[in-house]
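Features as listed in Swiss-Prot:
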ACT_SITE  E124  active site, proton acceptor
BINDING   C144, C148, C151  [4Fe-4S] cluster binding site
COMPBIAS  397-419  compositional bias 'Low complexity'
DISULFID  C137-C375  disulfide bond
REGION    1-21  region 'Disordered'
REGION    383-419  region 'Disordered'
Amino acid sequence: MTAESDSPDGPVSAGTGRPVRLSLTRRAARPARHLADLSRDERRQVAVALGQPAFRADQVSRHYFARLVDADETDAMTDLPENARGPLLEALLPRLLVPARTLSCDDGLTRKTAWRTADGALLESVIMRYPDRATVCVSSQAGCGMGCPFCATGQGGLTRNLSTAEIVEQVVHAARVLRRQELAGGQGRLSNVVFMGMGEPLANYTAVTAALRRLIAPSPEGLGLSARGLTVSTVGLVPAMRRLAGEGLPVTLAVSLHAPDDELRDELVPINTRWPVAEVLAAAWEYAEVTGRRVSIEYALIDGVNDDVARADALATLLAGRLAHVNLIPLNPTEGSSWQASAPAGQRAFVRRLRERGIATTVRDTRGREIAAACGQLAAEPAGRARRVESARPVESARPVGVAGAASGSPAHGSRVLR
């Protein structure tokens, strides 16, 4: 069985960026239906089909979205009749993700979880706690088909798209971890969600936009997060960017640009051969105009590749007078890559030139590098490569999730200004 990328302009070759068909082998049938995949009316129909009053679905939804109760914590669901809990939870909260490994660093303020889906696909999410907010970086695909050579995820290829519920589950888990004080810093509240984990979000357009609506909607419909705390990244799938502008979702759009010229960007971001810099930025400005939201321009600083002052000038020229902010990311190391992050002096020079040209610029305060949880490092690597392991239980014994068992600077992470 094959499946194609969910591009609104039709399938494209994510590895070369050329307009040909992209196929991948699915490991199994679609993930089980989960309440996060369903509208409120659809959930109520499920309850009625089980011989229960429709409002039982609302009760289950409130436990999940508002109380953040695990489906295996049936004793906490005292408003559900005991004989109805099993059928309702089996139908509305099936097992989707099982934690295969959990790693932490930054004095316990950063936690990466590797998840295994029911069909064996692997994905990762990262929770990061800052003094003024808590952010979760979620995956939208298992793997990635965009083929960017400096990104570990892209080098592993694409396994499949994630379902809406598989995306939402990563967020609900993060909210639960913070509420239950399982992360350093005491009890907290999830404030930001960034679609910057594994995968190209806009290549899984339908599931990602549905997940955004679930995250924004109030309980029992959804999690009730602020749309302004949500960020969707893209390497530049132009038709999907334009489509997103019309969705009525005032989320932040982050464009992974990495080069101001087509010659270099063709090498760094292969999809650029399909949609070059001018088209990507035109779609970004359209998004900013329609939504009123400032676009974040993501730019990985690679030593001797894209960090010269001439390219800073070229970037400033492209962004002059636009509703945009540049988020510079010192390249994070990935296995097999000879590229390195720009030296601090080079970073400062790049920032200085952009700021001299009037461009709002920050440098990401990278989190999670030592556990391969930083930007471009997510690859669901084997547990043996990890440096510090909090939990490395076998998948079979790990507690499943959902089982009847940004701020100034980068919206994704903390930022610092180099002076």
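Yeah, the Cβs are placed from backbone N, Cα and C, and that goes for glycine too.
Here the features listed in Swiss-Prot are placed on the structure.
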residue	record	Cβ neighbours (10 Å)
E124	active site, proton acceptor	26
C137	disulfide bond	30
C144	[4Fe-4S] cluster binding site	27
C148	[4Fe-4S] cluster binding site	24
C151	[4Fe-4S] cluster binding site	27
In Å, rounded, how far does the Cα of C151 ([4Fe-4S] cluster binding site) sit from the Cα of E124 (active site, proton acceptor)?
-> 14
Among E124, C144, C148, i.e. the recorded positions, the one with its Cα nearest that of C137 (disulfide bond) is E124
How big is the Cα-to-Cα gap, in Å, between C148 ([4Fe-4S] cluster binding site) and the residue listed as 'active site, proton acceptor'?
-> 18
Cα of E124 (active site, proton acceptor) to Cα of C144 ([4Fe-4S] cluster binding site): how many Å, rounded?
-> 12
According to DSSP, C148 ([4Fe-4S] cluster binding site) sits in coil
Three states by DSSP: which one describes C137 (disulfide bond)?
-> strand
